[in-house]
Amino acid sequence: MSAKVNDDLLTERRKCEFNVEELTNYLDGGAQATQNRRKLEDKVLSTKGLFDEVPEEYLSHKEKYENAVRKAVVYYKAMKEAEDPNQTEQERANATYRSLLHAAVFKDNSPFSLHLAMFIPAILGQADEEQKKYWMKRASKMEIIGTYAQTELGHGTFIRGLETTATYDPKTEEFVLHSPTLTAYKWWPGSLAHTANYCVVMAHLYINGKSCGIQPFIVQFRDEETHQPLPGIKLGEIGAKLGFNTVNNGFLGFDQHRIPRNRMLMKNAQVLKDGTFKRSPNSKLTYGTMVYVRVVIVNGMANQLARAVTIAVRYSAVRRQSELKPDAGEPQILDYVTQQHKLFIGIASSHAFTLTAKWLTRMYQKVTADLEKGNLDELPELHAIACCLKAVTTTDTSVLVERSRTSCGGHGYMLSSNLPQIYGLVTAACTYEGENTVLMLQTARSLVKALEQAQSGKRLSPTMSYLSEKVSSRLKWDNSIDGIVKGFRRVAYGKVESAMRSMRKYVRSGLGPEDAWNMSSVQLVAASEYTSISEADIRQLQDTYEDLLGKIRPNAVGLVDAFDFRDQILNSTLGAYDGRVYERLMEEALKSPLNAEPVNQSFHKYLKPFMQGKL
Ligand SMILES: CC/C=C\C/C=C\C/C=C\C/C=C\CCC(=O)SCCNC(=O)CCNC(=O)[C@H](O)C(C)(C)COP(=O)(O)OP(=O)(O)OC[C@H]1O[C@@H](n2cnc3c(N)ncnc32)[C@H](O)[C@@H]1OP(=O)(O)O
Ligand SMILES: Cc1cc2nc3c(=O)[nH]c(=O)nc-3n(C[C@H](O)[C@H](O)[C@H](O)COP(=O)(O)OP(=O)(O)OC[C@H]3O[C@@H](n4cnc5c(N)ncnc54)[C@H](O)[C@@H]3O)c2cc1C
């Protein structure tokens, strides 16, 4: 018999003024896509061995990892078996695009995540046709497990500063991989420590003593039978982190480790047998995997934010606290306008990020198709936009997930709420795949160039066109959408122009262009933030805003129900569909090993002798 649903949630669902299923279908891309997603989730989540008897927060660091590997194997097989052979690739992609299925199994991400999220995309984007055929067959069947090893102990942002060398030996037609210093050790790659046995290594290629830039190499570092590290390879785990503690991030050092010539991924640049180097049409094509993952991250943020606000809004409909009016009883905390202010922006932002992710994915697919035909014209714009949207969506999601947590009071601080873990996952994305400040400065680099082109009368790309509109500075704000967008354009234009003026002032004062850039970089980052709509400006339409909060209030639970996250994916005592918050908090608390006995052994060992002055 299913548990009784909380009365307040029942009332909320009766008050909802729109068809929740219709919104779910819209978010999935149609009723069939919703059906496909639900069918996939039903199949996979009915698999035995996917869930933890003991909550993983009570396991040791080592036990957490071993348990995650156990589940990863079960989960991956279940996903493969659940694939509907009659579905097209696109239908399969749609079914997983919005699904956070893996989150039902891994609260802190999977030890296989880098294999799927970067190792395979790196092969697809950097290998030539022959290499792709061979390695994709092995990687897609999980005969090998890979990761993406670019970051080093000493360098993450500055790729051109990476110290790992790959020196070509024409006599043996091999590359010699070497970590000349401790700071050259690869440091951070997920799965690297104990899970993967191959990786795509980004290393500085040298031929006859000449630098040929950073190139990608596919490198085996563990024996496929014994899993022992190969000769010349030093491996280990980098230690406990804020989150990602089951991703097995590791370090790897090379000591004159030799690999055959065909292990350099040669789609863009090639090394012939005699050591002739054939340059890539654009050295930045080597950075292509990162552009792809930045695009994926935007969609990931939309889904994770939706999960966090679902938990917080449902909890806010169940939790009653304080007194809004004398003798009127304790109201739902969702009736406090401050609570609505904290949470409803999260619902809206998740939808905005979903639409943005769809738009960016289409742009990525078009530019990638152009690249295949040798047309690189739109690569710089894709890079600038992907940098900006990855940085803005991860920053905003981190802020809004943390706000969802704190809006749930003490219970939001419980690991059983799952909000701290969701925060740990999303805040990592502010750093990985390009630290956000660095990426915003990449976008600023494009904005400054675009404004200079606009000022010399050149046509701009669609996403930069606002820099060529001579928007009057006397523009009057109005509350229409068109008025708001015009206002944003005016502010965005002004921010770029001000940063440019600042740089020119520094150059006139005698600074070189690099120092002028650095001195203006705070303004440059701010200018990039306005390339995509940010929340700060909406505050200036405060009266419209508070009116909107009131309109959303009766539909808030319906709006989060429409995200259609099943309880196993929310994995939260506060966010379950039935709203039985207090019973779930107690059920989870009783799973703590400390509750197995009324008196812990520390009393007899330490407390009692201490309190009796015998210690
Ligand atoms: C909750 C989770 C939800 C979703 C998660 C989903 C997926 C996550 C899966 C995995 C995530 C886990 C782990 C993450 C893995 C990693 O972190 S991999 C390592 C990532 N590292 C980086 O991103 C490094 C960032 N640094 C850089 O990209 C570069 O160093 C730089 C761009 C900052 C600077 O490079 P430089 O060579 O110095 O270039 P520059 O001088 O600044 O610019 C030269 C010109 O090149 C252009 N350019 C730079 N990068 C690119 C690019 N990628 N593509 C195209 N063009 C590029 C630049 O615009 C300049 O052009 P100009 O015309 O202006 O000269
Ligand atoms: C959870 C997690 C998983 C990861 N997984 C992987 C992985 O699988 N594979 C992999 O290769 N890497 C991985 N990374 C590494 C990640 O890509 C790097 O941490 C990231 O690129 C930032 O580099 P860094 O850590 O060296 O920081 P740094 O580059 O040293 O940055 C530190 C600070 O310096 C500032 N700074 C640096 N350069 C500039 C500049 N030009 N202008 C202004 N400010 C600047 C930054 O803004 C930042 O505030 C992972 C990281 C995390 C946190």
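Cβ coordinates are placed from backbone N, Cα and C, and glycine is handled just like the others.
The feature domain 'Acyl-coenzyme A oxidase N-terminal' is assigned by TrEMBL to 19-145. Computed over the domain 'Acyl-coenzyme A oxidase N-terminal' (19-145), the whole-number mean pLDDT of the model equals 93.
In sequence order, Asn109, Pro111, Ser113, Leu114, Thr147, Phe244, Val247, Asn248, Asn249 are the residues of the chain that are 6 or more apart from Gly190 (FAD binding site) and have a CB within less than 8 Å of its CB. Under the heading FAD binding site, TrEMBL lists Thr151, Gly190.
Here TrEMBL flags 287-448 as domain 'Acyl-CoA oxidase C-alpha1'.
When Cβ atoms from all protein chains are considered, those within 10 Å of Glu433 (active site, proton acceptor) total 25, not counting its own. Taken from TrEMBL, the feature active site, proton acceptor covers Glu433.
If you look up TrEMBL, you'll see 530-612 marked as domain 'Acyl-CoA oxidase C-terminal'.
The two recorded residues, Thr151 (FAD binding site) and Glu433 (active site, proton acceptor), show a Cα separation of 10 Å. According to DSSP, Gly190 (FAD binding site) sits in a coil region rather than a helix or strand.
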